[in-house]
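These features come from TrEMBL:
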- 20-40: transmembrane segment (TRANSMEM)
- 52-75: transmembrane segment (TRANSMEM)
- 95-120: transmembrane segment (TRANSMEM)
- 106, 138, 203, 206, 207: Na(+) binding site (BINDING)
- 132-158: transmembrane segment (TRANSMEM)
- 235-260: transmembrane segment (TRANSMEM)
- 266-290: transmembrane segment (TRANSMEM)
- 311-330: transmembrane segment (TRANSMEM)
- 350-371: transmembrane segment (TRANSMEM)
């Protein structure tokens, strides 16, 4: 704890005292963004090769740590603590929000990552099968990882002779305080510590690749004439990396941990993602239409998914998300660092400003579209909630040549569906 807070973070006594920049952490952040840039600057081809290592290595490390953890004395108590729930915590709204946050970030839901990266697949790729496999693999990994973590925490509690609840941490404290401290009590502790932190590094880089690649894909797809020429895509990635690096420096000051927790709890929180998820489900299930969306999926994969999925889009998922979101707002408690430090009023104001900056985009855009649409208010809503007639399914456009998906706005379609001219043949999308 002392090494983490006094040597690594050199944490100040509050967000009011930002203090000096921790140059060691700044160099680590620079290395992370440099690695990220050179791994994704050539598009998904280079990223795919890197992910073979960054995605598989953590599984190997997790398996090694799991085998070692369950063989330690006291591991059974840690596993028991992991598997037996405390039902009294269900009345705490933060538990529900944290659970929702875990699901959203673990599956990258409502972050745009799956949508952006999925656009690289072939049109007839079985996305339904991929979705089921991803859910099973991700949930299974999280479940197994719990055994690897809590078996070691059980060993730590056994060695110290204290209840496991006293050694269990959450957030950065688990990765940088509780687990490393437990590792120091094991034989060959430098080896296990090295493997553990290598796993964390690869997991962090993997997440960083995906988020940056998704943002780049979205920007390039919105402005293809600008960024699909020469080395403009590479320059875009470089600009994003540089800007992100300098934005991250404020969290590497002596008071940066307080800013990091504000950002983690408000800007990048489950509350914001729950809000976005509600609107996404309403748009797909009710505005665009679940049956129409089913037709699109059938056109791609050749069959219709289970009817249960439709009701999840329309009722179950938006209902659960709305319930958790309202529950959190009704029983909202101000954020505290380590359950001790209370932020000043302006700190909470910054936090809510970051949260609203993402949530207000949706109602604000709705207001703008309603304002610009001609007609009475009912006519405006009718026009804006009816899917466009040109959203035809690819497989039902006719018996002639199939439409070619081209990422070049200068390409022209002939009457027979062939491409008349393509000014750029190479694309990263």
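Here the Cβ of each residue, glycine as well, is placed from N, Cα and C on the backbone.
Touching of the transmembrane segment (311-330) and the transmembrane segment (52-75) is ruled out by the presence of fewer than three CB pairs under 8 A, sequence neighbours closer than 6 excluded. In the three-state DSSP scheme, residue 106 (Na(+) binding site) falls into the helix class. The transmembrane segment (350-371) shares more Cβ pairs under 8 Å with 266-290 than with any other stretch in the list 95-120, 235-260, 266-290.
Cβ contacts within 10 Å of residue 207 (Na(+) binding site), excluding its own Cβ and spanning all protein chains shown: 14. The Na(+) site, placed at the center of the C-beta atoms of 106, 138, 203, 206, 207, has further neighbours from the same chain whose C-beta lies within 8 angstroms: 108. Residues within less than 8 Å, Cβ to Cβ, of residue 106 (Na(+) binding site) and separated from it by at least 6 positions along the same chain comprise 138, 142. Long-range neighbours of residue 206 (Na(+) binding site) (same chain, six or more residues apart, CB within less than 8 Å of its CB): 51, 54, 55, 58. Below 8 angstroms of C-beta separation, residues 44, 89, 127, 134-135, 138, 142, 210-211, 213-215, 217-218, 221, 269-271, 273-274, 276-277, 280, 321, 324, 327-328, 429 of the same chain, each at least six residues beyond the ends of the transmembrane segment (95-120), sit close to that stretch. Sorted by the number of other CB atoms within 10 A, the binding-site residues 138, 203 start with 138, the lowest.
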